[in-house]
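What follows is a short report on a single structure.
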Amino acid sequence: MSALPLGSLVPGARTDRFAGRSWWRHRSGAGQEVGARMSRAGLGGRGPWLEGLAVSADGMAEGAGPAIDLRQRKKPKSSGNKESAKEKISNTPVPQRASKSVTSGMMYALYLSAYHERKFWFSNRQELEREITFQGDSAIYYSYYKDMLKAPSFERGVYELTHNNRTVSLKTINAVQQMSLYPELIASVLYQATGSSEIIEPVYFYIGIVFGLQGIYVTALFVTSWLMSGTWLAGMLTVAWFIINRIDTTRIESSIPLRENWALPYFACQVAALTGYLKSNLNSYGERFCYLLMSASTYTFVMMWEYSHYLLFLQAVSLFLLDSFSLEPSDKVHEVYKIYIFSLFLGYLLQFENSALLVSPLLSLVASLMLAKCLQMNVKKGTFLAKIMKVINFYLVCILTVTLNIVMKMFVPHKENGHMLKFLEVKFGLNMTKNFTMNWLLCQESLQTPSQDFFLRLTQSSLLPFYILVLVICFFSVVQVIFRRFKGKSLKETVTLDDGQIGERPEIIYHVIHTILLGSLAMVIEGLKYLWTPYMCMLAAFGVCSPELWMTLFKWLRLRTIHPVLLALVLSMAVPTIIGLSLWKEFFPRLMAELTELQEFYDPDTVELMTWIKRQAPIAAVFAGSPQLMGAIKLCTGWMVTSLPLYNDDDLLKRNENIYQIYSKRSAEDIYKILTSYKANYLIVEDAICNEVGTMRGCRVKDLLDIANGHVVCEEGDKLTYSKYGRFCHEVKINYSPYMNYFTRVYWNRSYFVYRINTVISFQS
């Protein structure tokens, strides 16, 4: 692995700077206030995959923090608004078949926009108050979007980002390559080229694009399910399940600028195009359209997300298994492999010669598959040697893939990062470590096995039971087809309803394999549920709406009392209708309640801190503190910082761990040396971290630091050791020597304490 993808696809990592310490204050119409503790779990920052691991990791958890309120706004006086809204919905004419998917996507995008406005009340907030809602690495992404808009020209803006020395002290980075800032580049170009500056504010334009992409995401899932089942009911049910389970299908509500929110819509389009491309009864024009759409969406997906090749690798494995069992014409599958190669090499060139793409397992696998095909082409079909090559093809590809990947890493210069392997070793009990970063990652819920609450939510929405039913039927049908292939029987060109063999359709076989691979990974790392759960929605909806699936089941049961074809057709309409009505009755009122509850984001402590920095701190000042807070300072003030909530760079990982020493039991002199080594001028201590009360024993930041520093050893058989120094974040507040000699407090509020790092040290007697 070339980088530690724990954050952006972790997929479950959340970038919550105020994790577990925020307040939501609701103000009723009568003026009463009710305080409710907001608890957000999360992994922040960007890490290596699997962003799950993406491990889309995005920031360090911080425990308690500033008082952040979501205050309920007064509802409109008009009492007929709710009724009129329902009237509009009920009186909306039924769209034509071809527009149902687009309509669903548009409605979901509008829902996200309305929900976001009612939650944060952006329309009545100042720019600073809007910006502090971006947390963790989301703040970094949006800050570079702002920088592009301020640049005198697009070329100058790109140059400053690729040679950026104004973000992290003593470090020049290529921000476009390291953080995959292509979405921000595109958004800034569109904003200026369309003249939107005279119509809409930059923040609305930015989040509007992301919400629009989420609409495309839902539309692509709709189309995929429709293509597989042949009915728009499957698409509607897919969208319904996706929205109802959105806490497990997307992170758009908590972290808008995440790379996965930009990239996964394109991957969903690619999957939809691939589904159509694999269909056996597709005409030449449809096949060509699917191929072009698949090519464009695959390349865009690679450009939008640095960890996209890991997800495409799983897809390539699915297609490889599909081809190995001769369940799809090899020519079609190898055309898809060509798309992978084209996208990787073009991405390599346009991503500043990104070596991670050359040493990716995807390229090694595809190259091995191409080479194996060349070996088979030189052997006459039907001969004994051809049969032997078919048998050993699987092992040949596996050996070639591993060999090529090792060779590529030997000859292609790349940043070797062993954090992924170390993390997996520790997670599965193969090794033990006291390393701060590794132990912190192990404490994140998104990197642990799925909780019971996850399965309970999916069961309550009826998604999990129907997904299991559909998957079991399809899986055993696919197994039947594979055994028949081993016996020498060929597949039918067209599968009819009377056949009752849903496993003979190539696109179904591909989706069954792909969802099993994604589900297996999600069972190990909960953060990957954001890849798997949308797949569950699509597959479950397709199954219950497909007469072929019910017919397959009836064939196994040998149903004779009722005509199986008629019953299959009836169930394919009745079951989704009943599910839809039950979901409407139970969940629609909840969705409407979310849109009628008016709230506003309120975080006075952070606003005061940012205001003080902009007014009092020198322009050349460098700030040190937790990575999440540094991301907010970079966005809200533009001042230089010592660290960032990013986890795909070894130097930044080391910086984060060193800066976090301000919450350890180290001497004032040690902390002073660490901070001055990064040219820091100001130190910000967060009371939320210093006095953190964690729910998991040994997972607080200060606990992990004590273990890493050897001040407290928790393992059995080891002796307990203690530091002769008190915890720095506590001692520095007391303002006595030697702490006052190194640090001078210049600002404080309920949540933050700011200290100037003295350049001239005088020790008083």
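Heads up, the Cβ atoms here are built off N, Cα and C, so glycines get one too.
Residues or ranges marked as region 'Disordered' in TrEMBL: 64-98.
Away from its own ends, the transmembrane segment (226-244) comes close to residues 97, 100-101, 104, 108, 111, 218, 272, 275-276, 279, 461, 463, 507-508, 511, 534, 536-538, 540-546, 572-573, 576-577, 579-580, 583, 587, 591 of its chain (Cβ-Cβ under 8 Å, at least six residues beyond either end). According to TrEMBL, the feature transmembrane segment maps to 226-244 (among others).
Nonlocal intrachain contacts for the transmembrane segment (339-372), taken as residues 6+ away from its ends with a CB within less than 8 angstroms of a stretch CB, comprise 2-3, 162, 174, 176-177, 291, 294-295, 298-299, 301-303, 306, 309-310, 312-313, 316-317, 320, 393, 396-397, 400-402, 404-405, 408-409, 412-415. Look at TrEMBL and you will find 339-372 (among others) tagged as transmembrane segment.
Only residues 6 or more beyond the boundaries of the transmembrane segment (392-412), in the same chain, are considered here, and those with a CB under 8 A from a CB of the stretch are 320, 324, 355, 358-359, 361, 363-365, 367-369, 371-372, 375-376. For 392-412 (among others), the entry in TrEMBL reads transmembrane segment.
Under the heading transmembrane segment, TrEMBL lists 464-483 (among others).
The transmembrane segment feature in TrEMBL is assigned to 508-525 (among others). Same-chain neighbours of the transmembrane segment (508-525): 10, 12, 50, 52-53, 55, 228, 274-275, 278, 314-315, 317-319, 321-322, 327-328, 446-450, 471, 474-475, 478, 481, 502, 531-533, 535-536, 539, counting only residues six or more beyond its ends whose CB sits under 8 Å from a CB of the stretch.
The transmembrane segment annotation in TrEMBL covers 531-553 (among others). Beyond the ends of the transmembrane segment (531-553), by six or more residues, the same chain brings 9, 11, 52, 217, 221, 224-225, 228-231, 233-235, 237-238, 241-242, 245, 248-250, 264, 268, 311, 458, 463-464, 466-467, 469-471, 473-474, 477, 495, 497-503, 505, 511, 514-515, 518-519, 521-522, 564-565, 567-569, 571-572, 575-576, 579 to within a C-beta distance below 8 angstroms of the stretch.
Here TrEMBL flags 565-584 (among others) as transmembrane segment.
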Cβ under 8 Å, sequence separation of at least 6 from the ends of the transmembrane segment (464-483): give me the contacting residues as numbers and ranges. 325, 327, 455, 458, 491, 501-504, 508-509, 511-512, 515-516, 536, 539-540, 542-544, 549, 552-553, 579
